[in-house]
Protein chains: 2
Amino acid sequence: MLEDKNQSRTSLSELGEFKLIDHLTKQTVIHHHQTIKGIGDDCAVIGRGEVQTLVTTDLLVEGVHFDLSYMPLKHLGYKAVVVNLSDVYAMNGDAKQITVSIAVSNRFPLEALEELYAGIHLACKAYQVDLVGGDTTSSTKGLLISITALGEVKKEKCVYRNGAKSKDLLVVTGDLGAAYLGLQVLEREKQVFQVNPNAEHELENYTYLVERQLKPEARKDIIQLLADLEVQPTSMIDISDGLSSEILHLCKQSNTGCQLFEDKIPLDQQVISTCEEFNIDSTTIALSGGEDYELLFTVKQEDFPKIKANPNFSIIGYMTDEANVAELVTRGGQKVAIVAQGWNAMK
Amino acid sequence: MLEDKNQSRTSLSELGEFKLIDHLTKQTVIHHHQTIKGIGDDCAVIGRGEVQTLVTTDLLVEGVHFDLSYMPLKHLGYKAVVVNLSDVYAMNGDAKQITVSIAVSNRFPLEALEELYAGIHLACKAYQVDLVGGDTTSSTKGLLISITALGEVKKEKCVYRNGAKSKDLLVVTGDLGAAYLGLQVLEREKQVFQVNPNAEHELENYTYLVERQLKPEARKDIIQLLADLEVQPTSMIDISDGLSSEILHLCKQSNTGCQLFEDKIPLDQQVISTCEEFNIDSTTIALSGGEDYELLFTVKQEDFPKIKANPNFSIIGYMTDEANVAELVTRGGQKVAIVAQGWNAMK
């Protein structure tokens, strides 16, 4: 009746999140032809007619994904919604509905949940998304938020991770690394506060970084912009685990390689100055930082004129036909293999 | 930066789950006309054309919703899927896809998750549902499972909680109370085991009860049966929190009353004998036990001939025009107000 203590044990940390999901879902059988895409992209895709339904879900756990000592609950609610919507936009779709489930321990008063939901409602308003359901339960420890987002995309507009072709241009929106540095700044402040609760906060030089960490936005605007420019990406993914990890996903699923140019990676001035202050390499931060929620996509070379002058886009490399050979071309001209050191929630 | 310890505090347990959800979601604004039904039914309903999409989600927390000392992980995986599918059937729809997210502490080896997913895959096969996505992360304590189910229903077939009319017959499938009693039996066994780990298990008289607790089934068969009989329920809900609670939901949302006849409530012989053994009232168990995952629905009186002789159905009462006056008519002919004492996960 009780657990067999002598069973063989393989530690989850030996696998990491992606291998674990692959392992647990390898038996998956698809019964319905309407299930166009299951596991393995930013969203599942379900369709009957011209308009397909997109589904994505994320689980955020206190002490793993967020720290309430510097994450205000209203921001947490906002961010929890945004990270899901980002996956819908990464399919070139529009988010329409969400469900929100929370498990919460009795240490939280009603007022705390009101703050959380204020952020959820704010994100719903900002992104024009309907909160349509959920579940609320008690937890034995801490706060946990599970959100599922539903979206729509026209069949011919849907962009998967697996459509990149050799010579396609690799494009990223916005700039990278700020959210991760924002987290480092907040962690440092927390440590200062623990030593001296009366210390002055020194966040004025890091406002952009902190905002990117505490109140990220999903790039709904880019989906509209791509439509206006009449650019149909050949592949797309959102940057949640760091540029390296996402590039490798595109390469693996598209069966291509990639050449990424270090000097083309977009960095905000605050990222550059803070990396100098912290004595860390800004390229490493951009490659491995994560939580940027920018979009990474590939376009055909013929779309170059539509993309090149737009301040929202940086062309950072191109795809090659050498399957899974993803390389960073450094400022010095050296080629270095890109490895996934992205943030891993199974650590 | 840190939490304000002086903020006003209202304990969550003061509200209970349903009032808490009402309170947190009362500001909800619906932006899309495709969002036909949001919060407040077994599923949200999203539609454009003739076929509508159903969405429902549930969160199961170790130590709150399940106890791994007597719940095998394979059964847990199966049950976690089934309880979601039950909500899709409660809309008279068919379940098509699920997403499964889990948060798991490092006390679980890979082999434990393999067992969990074996149960999930088994349920997917049994109910012809596609596993299309999810999220896997670490937790700081225990196991948590969040499942979202998607289904389909033809627009004219969709059944809500709010369509019951006065004089409609109240019908329930299967029998009630067994799952709750199964839990009591298992809890008792656990206590015996804790005192004497070598004690013989005495479960042979409770096989049905234990099966209903550990391996419940959702009534997909009933949806097909209703279609075959050409019966369109006027309202429907699944019994997860106990008959009382669900009757009150139908009454409140349909703005009706209800007369429920004690002698009509279907009970399995094992429920009756175990209630006698435990010296508890079987009607109380059926009304408040929960986790039966049977369907409770109302039909027009003219459908009586189609329902009456079918062993899957018990006609247990009728709806009245006295809004929210829900009464149990006892075997002795007394009328007693029905109150929700259903299982409450916010306790």
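Heads up, the Cβ atoms here are built off N, Cα and C, so glycines get one too.
Taken straight from TrEMBL:
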| type | residues | note |
| --- | --- | --- |
| BINDING | A:Asp42, A:Asp87, A:Asp238 | Mg(2+) 3 binding site |
| BINDING | A:Asp42, A:Thr56, A:Asp87 | Mg(2+) 4 binding site |
| BINDING | A:Thr57, A:Asp58, A:Asp135 | Mg(2+) 1 binding site |
| BINDING | A:Asp58, A:Asp87 | Mg(2+) 2 binding site |
| BINDING | A:His65, A:Glu291, A:Trp343 | substrate binding site |
| BINDING | A:Tyr117, A:Gly134, A:Asp135, A:Arg161, A:Ser240 | ATP binding site |
| BINDING | A:Asp241 | Mg(2+) 5 binding site |
| DOMAIN | A:40-153 | domain 'PurM-like N-terminal' |
| DOMAIN | A:168-324 | domain 'PurM-like C-terminal' |
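Within 10 Å (C-alpha to C-alpha) of A:Thr56 (Mg(2+) 4 binding site) lie the following binding-site residues from A:Asp42, A:Asp87, A:Arg161: A:Asp42, A:Asp87. Fewest Cβ neighbours within 10 Å among the binding-site residues A:Thr56, A:Thr57, A:Ser240: that distinction goes to A:Ser240. Annotation for A:Arg161 (ATP binding site): same-chain Cβ neighbours under 8 Å, separated by at least 6 residues, are A:Gly40, A:Asp41, A:Asp42, A:Ser235, A:Met236, A:Ile237, A:His249, A:Leu250, A:Gln253, A:Ser254. Cα of A:Asp87 (Mg(2+) 3 binding site) to Cα of the residue listed as 'Mg(2+) 5 binding site': a distance of 12 Å. In three-state terms derived from DSSP, A:Gly134 (ATP binding site) belongs to an extended strand segment.
Considering only the binding-site residues A:His65, A:Tyr117, A:Glu291, the residue listed as 'Mg(2+) 5 binding site' has A:Glu291 as its nearest partner by CA-CA distance. In this view, A:Asp58 (Mg(2+) 1 binding site) is surrounded by 22 other Cβ atoms within 10 Å of its Cβ, with every protein chain counted. Mapped onto DSSP helix, strand and coil, the domain 'PurM-like N-terminal' (A:40-153) counts 35 helix, 49 strand, 30 coil. Considering only the residues assigned to ATP binding, A:Tyr117, A:Gly134, A:Asp135, A:Arg161, A:Ser240, the longest pairwise Cα distance works out to 32 Å. By a Cβ separation below 8 angstroms, chain B lies close to these of the binding-site residues A:Asp42, A:Thr56, A:Arg161: A:Thr56. Counting every protein chain shown, 25 other Cβ atoms lie within 10 Å of the Cβ of A:Asp238 (Mg(2+) 3 binding site). Neighbours of A:Ser240 (ATP binding site) among the binding-site residues A:Thr57, A:His65, A:Glu291, defined as a Cα within 10 Å of its Cα, are A:Glu291. Using Cα positions, the member of the binding-site residues A:His65, A:Tyr117, A:Asp238, A:Glu291 nearest to A:Asp135 (Mg(2+) 1 binding site) is identified as A:Tyr117.
Counting only the Cα atoms, the space from A:Tyr117 (ATP binding site) to A:Asp58 (Mg(2+) 1 binding site) is about 17 angstrom. For A:Glu291 (substrate binding site), the spatially nearest entry among the binding-site residues A:Thr57, A:Asp58, A:Gly134, A:Asp238 is A:Asp238, judged by CA separation. In the three-state DSSP scheme, A:Glu291 (substrate binding site) falls into the coil class.
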